[in-house]
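Pulled these from TrEMBL:
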BINDING   G7, L8, D9, G10, S11, G12, K13, T14  ATP binding site
DOMAIN    5-184  domain 'Thymidylate kinase-like'
Amino acid sequence: MLITLEGLDGSGKTTVWEALQDVHPDAVFTREPTDSWYGDAVYRSMGDADADPLAELFLYTADHADHLSRTVRPALAEGNLVVSDRYSDSRFAYQGATLAESDLDIARPMEYVRGIHAAFSRSPDATIYLDLDASTAAERSGRTDKFERDGYLAAVRENYERLIDAEPGRFVRVDAKRAPEDVIARVEDVVASLLADAE
Ligand SMILES: Nc1ncnc2c1ncn2[C@@H]1O[C@H](COP(=O)(O)OP(=O)(O)OP(=O)(O)O)[C@@H](O)[C@H]1O
Ligand SMILES: Cc1cn([C@H]2C[C@H](O)[C@@H](COP(=O)(O)O)O2)c(=O)[nH]c1=O
């Protein structure tokens, strides 16, 4: 089973992802951007305020393709639980927002990004969405990179809402404004019930 953690910067995904490792020591824990050279290229682009938005989309997508073939698909084929801190929905929500605010004339940016993935990607079985407002997210994440701006994160949040509306059965919303221990406990319960349902 593939479970992904999604949400705005600073919503607490990594905090939860680390806590889950204690409870599910046999699962495969992974993330995007990855620690491969593709991931390094992504981080390089993130650090460039003038990066071309389409080039950046394809760097993230290349990293995802490598992540799928090198880590996710083999782990799933061996019957493992895979938990990924960010996955394809991050691209749909973030690059969808980036393309929308760019000079490119793409009519439906998020659908465009989804279309690129359709031919090769694998959808998560379940996605835990850590729901947080844009300004708390920007504050928690320290507003250190080009994505951590309130206005941009508000657009990303709207995109996540559209993704949830389109596939309500895949997403489980968790209130990320609560104390870390409450968020962790709630996510642990959600994962336990997803695994029980899959048996
Ligand atoms: N529920 C919470 N309440 C308050 N602060 C939190 C909570 N969860 C995490 N934090 C703090 O917010 C910051 C960001 O947390 P974390 O790195 O887990 O978020 P993230 O979603 O992985 O962020 P990013 O996407 O930017 O990597 C950290 O300083 C963390 O200690
Ligand atoms: C996978 C992915 C990530 N991003 C953005 C979101 C964050 O601002 C950074 C890095 O993620 P991290 O969890 O803070 O390490 O990249 C993105 O725009 N598109 C993506 O596909």
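Every residue, even glycine, has its Cβ placed from backbone N, Cα and C.
TrEMBL does not curate its annotations; it predicts them automatically.
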Can you count the other CB atoms that lie within 10 A of the CB of T14 (ATP binding site)?
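So the Cβ neighbour count for T14 (ATP binding site) comes to 13.
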Check the binding-site residues G7, G10 for other C-beta atoms within 10 angstroms of each C-beta and report the one with the most.
G7
Please check the binding-site residues L8, G10, S11, G12 against ligand 2 and give me the ones with CB under 6 A, sequence order.
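Correct list: empty, so none.
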Look up G7 (ATP binding site) in the DSSP assignment and reduce it to helix, strand or coil.
strand
Take the mean position of the Cβ atoms of G7, L8, D9, G10, S11, G12, K13, T14, the recorded ATP site. Which other residues of that chain put their Cβ within 8 Å of it?
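Other same-chain residues near the ATP site: L130, L132, A137, R140, S141, A176.
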For K13 (ATP binding site), what residues in its own chain, 6 or more apart in sequence, show a Cβ-Cβ distance under 8 Å?
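Listed in sequence order: L5, E6, G7, D85, R86, L130.
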